Amino acid sequence: MFSFFGDESKLPASTVMVSRMTVKKQAAARQQSSGPMAGPSKPSNVTPKHSHGSLKGTPRSASEKGTPKQGPSSSSKSTSKVKQEERIRPSTIPRTPASSSSPGRLKRKTPKVQVVESESSSGSESSDDALDSKPKRPKVTRKETGIDMTPLPGEQVVGRRVFCWDKVDMRGEWGRGWAGFVGCDEVVRGNVQGWANGGGGDGSKNLGKYRAFFPQEGFDRDGDFLPSVEVLYPAKGCREKFVLMVPSSDREFNPIGELRNTLRLILEHYIPPSHRHIFGNLAESLDISNPLSSLPSRMTTPLPNSLVTPPPDPASPSPAFAFEISATSTPAPSTERQETIADLIRKSLAPNRRDGPLFVTAIERYNSAMQAIQEDGTLQQWLDEGMNGGKGIKVREWAALVDFVHDQAYSRVVGGYSHELEHHPKHPEEVSKAISGKEDAYGELRHAFMSKIIEQTKLGPDSVFVDLGSGVGNCVLQASLQAGSRSYGFELLPVPAHCARLQVREVQRRWAMWALKGNLDVEVHEGDFRVHKEVGRRLREADVVLVNNEVFPSSLNMDLADMFLDLKEGAKIVSLKPFVPEGFRMNESNCDSFAAILRSTQHDYYRDWVSWKGEWGNYYVAVIDRSRRIKFEESMTGRASRRR
């Protein structure tokens with residue numbers, strides 16, 4: 001038999017050095033073949049004095065090859081019991097019934113391998129470790145099964161309240177009902193009214209971009225008439241009218257696609273287990289990918305032909321935890337599976353049916369069932385007690401819900417300005433020259449990119465987030481809801497700054513419609529962040545600063561470095577160009593530079609994480625750490641004193 005060390009049968013016997021041993025012989029007894037007390041003790045239980053590189057004990061094969069026997073015999077034919085009393089240190093390995101059984105049945109133990117780290121590797125930091133000076137918590141391993149219990153990225157729970165039914169009215173229109181949001185029909189007509197007007201166009205011309213989705217009579221446009229249905233949101237009494245038409249181009253707003261995903265997320269996150277047999281689930285019936293962000297952010301919504309005819313819903317699973325059902329709630333379903341609301345929606349939207357009347361029936365059933373659980377308090381009780389305010393929702397699922405809600409607002413108040421979000425002559429001359437060589441003068445960081453930043457920088461409800469060059473406010477609003485942070489943005493161009501102000505108002509209305517808890521301390525400012533009066537105060541408070549400086553000239557990056565000197569210890573700077581030169585080493589000539597107080601790491605972003613290109617790239621996270629410079633100054637002072 002070959003082992004790791006070669007032919008096991010030809011291994012020489014290891015030398016056992018024993019300082020003193022006492023052997024007591026007892027009366028001969030018939031050796032038992034099994035049992036915890038049968039057979040003599042193993043010689044390997046004696047702890048020998050040997051070097052660390054040798055094997056412990058004597059291999060069984062070596063004793064059977066004619067090795068001179070000393071002390072008690074290990075042969076299975078031995079007729080005497082031997083008891084060894086060791087005067088040296090006791091064995092560190094406790095004896096178990098298996099270790100005291102017959103030596104003939106013992107298998108050779110595999111020696112333990114000890115991993116020795118080099119001095120250089122023990123003090124090194126990975127790119128993620130460099131963001132936090134505190135050591136990472138070690139992985140927890142279940143001893144019984146050896147299963148690694150560290151959750152996968154996105155599978156951790158949020159751990160804070162994200163649903164706030166009790167604060168919906170406080171963030172509404174102060175008793176005026178739900179008349180403050182921009183409706184789906186206004187976007188389709190291209191004529192946004194009210195407080196958000198000015199971003200639309202000719203309604204009749206815009207309607208020519210849409211066509212009927214359902215082939216039945218009455219589901220096509222007739223003059224100003226648009227086929228539509230009203231859908232009830234989780235907030236009590238909040239309804240929105242969705243137009244039942246689809247765009248001719250993938251680049252246009254898709255009301256059917258948005259309605260479908262609205263229903264999917266409501267059925268997935270808001271329905272109590274006691275009523276899932278009525279509503280069903282649409283998650284498994286839609287062709288939606290499952291990354292950190294499961295919905296496209298600020299991009300075209302999938303066309304209805306992406307739907308497939310799915311199998312029926314499986315029976316609703318039992319809830320993971322108990323939820324008390326009120327006396328007025330719907331009784332439990334019978335053993336025979338009933339057709340759910342999700343079943344009707346799935347059938348009506350299937351490409352081989354496209355049944356408009358059936359879809360209207362399904363929406364009517366949904367509205368009636370949703371209104372019932374709103375009025376009897378079941379929905380509020382589920383969100384507050386059963387869901388514990390959403391503390392147990394997974395990070396990945398929460399990010400997808402945030403993305404969709406913000407995408408609704410973006411489509412309504414920013415989409416109409418897409419033709420104006422271009423390079424503007426108000427840029428400073430040096431910035432204009434740098435941007436003129438780019439294919440796209442205006443760019444946005446997409447939802448997946450910002451989700452990674454939130455995870456990587458550990459943004460939370462106690463954090464302050466500042467975005468220098470915030471555009472239309474996407475990242476500012478995402479940090480305020482997804483992380484619950486206080487968020488502030490500063491944008492130079494007037495059109496993106498105007499869109500940001502519109503989007504803040506629309507997004508906060510959407511939070512209320514979905515009963516979501518976001519941080520209302522959100523501000524977006526228009527002006528040059530180098531001279532704006534609010535920038536200095538917000539930077540001194542900031543925990544995370546984001547700056548998209550990919551097209552900034554070197555002079556502007558130098559101005560930013562001077563501004564960042566006021567950042568507090570431990571603050572993080574996320575940028576697309578580094579503030580620490582490659583190969584930077586602190587010395588007497590550069591110890592006063594901004595790079596001397598930074599710990600910088602490079603990371604990759606992936607395709608479609610930015611709007612201006614479909615390729616991957618690099619971004620950088622720098623942490624303010626003045627201790628490195630202090631240590632360098634102390635070492636320089638020590639050298640100077642020794643020279644004297």
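Using the three backbone atoms N, Cα and C, a Cβ is placed for every residue, glycine included.
Swiss-Prot annotations:
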- 442-445, 465-474, Glu491, 528-529: S-adenosyl-L-methionine binding site (BINDING)
- 68-81: compositional bias 'Low complexity' (COMPBIAS)
- 93-103: compositional bias 'Polar residues' (COMPBIAS)
- 131-146: compositional bias 'Basic and acidic residues' (COMPBIAS)
- 297-637: domain 'DOT1' (DOMAIN)
- 21-152: region 'Disordered' (REGION)
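Everything Swiss-Prot records as a feature, shown here on the structure.
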residue: Leu445; record: S-adenosyl-L-methionine binding site; Cβ neighbours (10 Å): 25
residue: Asp467; record: S-adenosyl-L-methionine binding site; Cβ neighbours (10 Å): 30
residue: Ser470; record: S-adenosyl-L-methionine binding site; Cβ neighbours (10 Å): 29
residue: Gly473; record: S-adenosyl-L-methionine binding site; Cβ neighbours (10 Å): 30
residue: Asp528; record: S-adenosyl-L-methionine binding site; Cβ neighbours (10 Å): 12
Coarse DSSP state, helix versus strand versus coil, of Gly473 (S-adenosyl-L-methionine binding site):
coil
DSSP three-state assignment for Leu445 (S-adenosyl-L-methionine binding site):
strand
What mean pLDDT score does the domain 'DOT1' (297-637) have in the model?
83
Where does Asp528 (S-adenosyl-L-methionine binding site) sit in the DSSP three-state scheme?
coil
